[in-house]
Number of protein chains: 2
Amino acid sequence: MSNSPLTTPELIHSPKEMRAKVLAAQKSGLTVGFVPTMGALHEGHLSLVGRAAAECDVAVVSIFVNPTQFGPSEDFAKYPRTLPDDMKLLSRYNPVWVFAPEAADMYPPGMSTVVQPPSVALPLEGASRPTHFAGVATVVLKLLNLVPADIAYFGQKDYQQACVIRQMVIDLDVATRIIVCPIVRDEDGLAMSSRNRYLSPEERTAALSISRALRVATERLEAGDRDAASIAAGMRAEMNAAGIREIDYAILADPQTLETLQTATDTVVILIAARVGQTRLIDNCVVSLTPTL
Amino acid sequence: MSNSPLTTPELIHSPKEMRAKVLAAQKSGLTVGFVPTMGALHEGHLSLVGRAAAECDVAVVSIFVNPTQFGPSEDFAKYPRTLPDDMKLLSRYNPVWVFAPEAADMYPPGMSTVVQPPSVALPLEGASRPTHFAGVATVVLKLLNLVPADIAYFGQKDYQQACVIRQMVIDLDVATRIIVCPIVRDEDGLAMSSRNRYLSPEERTAALSISRALRVATERLEAGDRDAASIAAGMRAEMNAAGIREIDYAILADPQTLETLQTATDTVVILIAARVGQTRLIDNCVVSLTPTL
C-alpha cells in the first residue's frame, strides 16, 4: 500500500455501505486492516493506522464516539469531536476508508442486545466504570461485524480493554485477528490520549507523575525487588507528591487475568488510573524480566 | 443442488475446519445455508434442511446439544443424542455438511463472554427458564461466526427463540439473513419436537390438547371474538380437561414484542407452554385476520 501524501480519505457513514465495501475488497483478494477509534486522533491512533496500512491492502478507521461506554457522570457530551482534523491526519495513508456511523444507525429503537464481557472486565476499570466494558464489547462486536476485517488493531494504552476484546473474540469465535500495539508517548513521557487536551499546563505537569511512577516501579522490578505492595505504595507516593489525590488504582497485576499481585512474578503489568483535576487518565507498562539463573 | 439419495453427509468436528470450509465454498462463489440444531432430528428439522438445500448451494447442519441453554434441573443429561440416525436422515440431501463440535471446543476453560439477549427474551420462556436465552443467543452467535452462512434457518416452533435470534442479529449487525420456517406437525396435530419421544402413549394423548387448544382459539378469533383473556381461559380449560395441570402460559400476544394481549388485534401469536408428565412442551400459532370492513 502506497503512502502517497494528502489523498483525502474516503468517508462512509452508512453501515450497510461500509460492510459491502469491505466484502467487495476482500472478494477481489485484498486484505483489510481495521482501527476502531472514537476520533480526536493523535499519534497513538496513527501508529495503529500506520501498522494497518503497512500490513494490509486497505486500512479502515472507524470514528464513533460510542455513547454506551460512557457512564452517566462521564464526559460523553464534551468528548472531543474533530472529524475534519482527523480526516487531515489520515490523509497520510492511502487507501484509508473512514467509517463514521451515526448513533441512530448503530443504536436504532429496539436495540437491546448487550455483550456481557468476559471476566477479565470485572476488576480495575470494570470496578470504577461498571457499564463501560459492556458498552465497549458490544460496540466492538458490532463494528467487527460491519467491518469484517482480516486484522483489527488496538492500543496497549487501554490495556484492560485489549484483554477484554481479545478474550471476547476468542469466546465468540470472531474471525478477525486482534493485534495490540505499543503505547505512544509524548516527549515528556505522557501517554497519548484524546483526553490529554482537557489538561491545563499545571495539570499536565502533575500528570507526568503517572508515567514517572511506572518508570520508578519498573526500575525497582529490574533491580530485583518483588514486593509488589511496596512498589505500588511507591507509585502512589510519587503521584501524591505531584498533587494527585484521586488514584483509582496503582497496582502490579497478572498480565492475563489482571489479578492484583502481592509478589511480582517474572512478567507483570503495572496499571494506573488516576484523576488529574477533572480528567481521568490511565497508563500502564508491561515488564518482562529474564529469570535470574 | 441435487437430491441424489443416500450420500453420507460429510461430518466435521473441528470449528476451525468448519469455518475454513464455509469460507472456501463462498470464495468459490457458492451460497451456504445453515440449520443449527441440537440433533435428534425429525421432519421439522428436515423441512429446514430441505429449504436450505433448495435455496443454497451447500447446506450446513450443526448438531450440538448446547449445555448453557439448559437450566440446572432440566433435561440436558437425558436429551436424546442420535448422531448415526441423524446422519442417515440427512443423507437425503446433497451436499450436506454436518458440524458436530465438542463442548470442550465450544466452551474452553476461560470462556466467559455471554450475549445478553434482547428484551423480547424476557417474558414467557425467559420467565420460566431464566438463563435459557442467554445460552441460546451466545451459542447461536458463536455458530454464526463459525458457519458464516448466507442464510440461517430456524423453526417457528420455537417462536420466541426465533424472535430473540432475529433481534440479536439486527442488534449486533450479524451479516447472515435469518429465515423462520413453519411448524411441522404429526398427523394427529402434535408439533414435532425432539422431546416428543419422552411421551408415554397416555401422555401423548393428553399432549394433543395443546394443538387442539390452539385450533379452538384460532376458530374463536376467526369467528370475530377479540376477548383475549376469555380465549386464553378456553385454552386452559381444553388442556385441563385432558389432564394437563402445569401450564406455564397459554396466551395471545403481540407477534413482535410478545406482550400479552387483553384484546386481540388483527395479527396475534397464540403461545402455549405446558408440562405433560415430566415433559415440557411448547407450541404456537400465528393468526392474521383480514380486518372486517
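The chain as shown is numbered from 1 upward.
Note: Cβ is positioned from N, Cα and C throughout, glycine not excepted.
Pulled from TrEMBL:
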ACT_SITE  A:His45  active site, proton donor
BINDING   A:38-45, A:155-158, A:Val184, A:192-195  ATP binding site
BINDING   A:Gln69  beta-alanine binding site
BINDING   A:Gln69, A:Gln161  (R)-pantoate binding site
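Sequence features, as recorded in TrEMBL, placed on the structure.
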| residue | record | DSSP class |
| --- | --- | --- |
| A:Met38 | ATP binding site | coil |
| A:Gly44 | ATP binding site | helix |
| A:Gln69 | beta-alanine binding site | helix |
| A:Gln156 | ATP binding site | coil |
| A:Gln161 | (R)-pantoate binding site | helix |
| A:Val184 | ATP binding site | coil |
| A:Ser194 | ATP binding site | helix |
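The binding-site residues A:Gln156, A:Gln161, A:Ser194 differ in how many other CB atoms lie within 10 Å of their CB, and the one with the most is A:Gln161. Across the structure, A:Met38 (ATP binding site) and A:Gln69 (beta-alanine binding site) place their CA atoms 11 angstrom apart. Taking Cβ-Cβ distances under 8 Å and a sequence separation of 6 or more, the neighbours of A:Val184 (ATP binding site) in its chain are A:His42, A:Glu43, A:Gly44, A:Ser47, A:Gly155, A:Lys157, A:Ala191, A:Met192.
Within 10 Å of the C-beta of A:Gly44 (ATP binding site) we count 22 further C-beta atoms, all protein chains included.
In this structure, the binding-site residues A:Met38, A:Leu41 were compared by how many other Cβ atoms lie within 10 Å of their Cβ, and the smallest count belongs to A:Met38. The Cα atom of A:Gln161 ((R)-pantoate binding site) lies nearest to that of A:Gln69, taking the recorded positions A:Leu41, A:His45, A:Gln69, A:Ser194 as the candidates. Every protein chain shown contributes to the tally, and the Cβ of the residue listed as 'active site, proton donor' ends up with 26 other Cβ atoms within 10 Å. When the Cα atoms are compared, A:Gln156 (ATP binding site) and A:His45 (active site, proton donor) turn out to be 11 Å apart.
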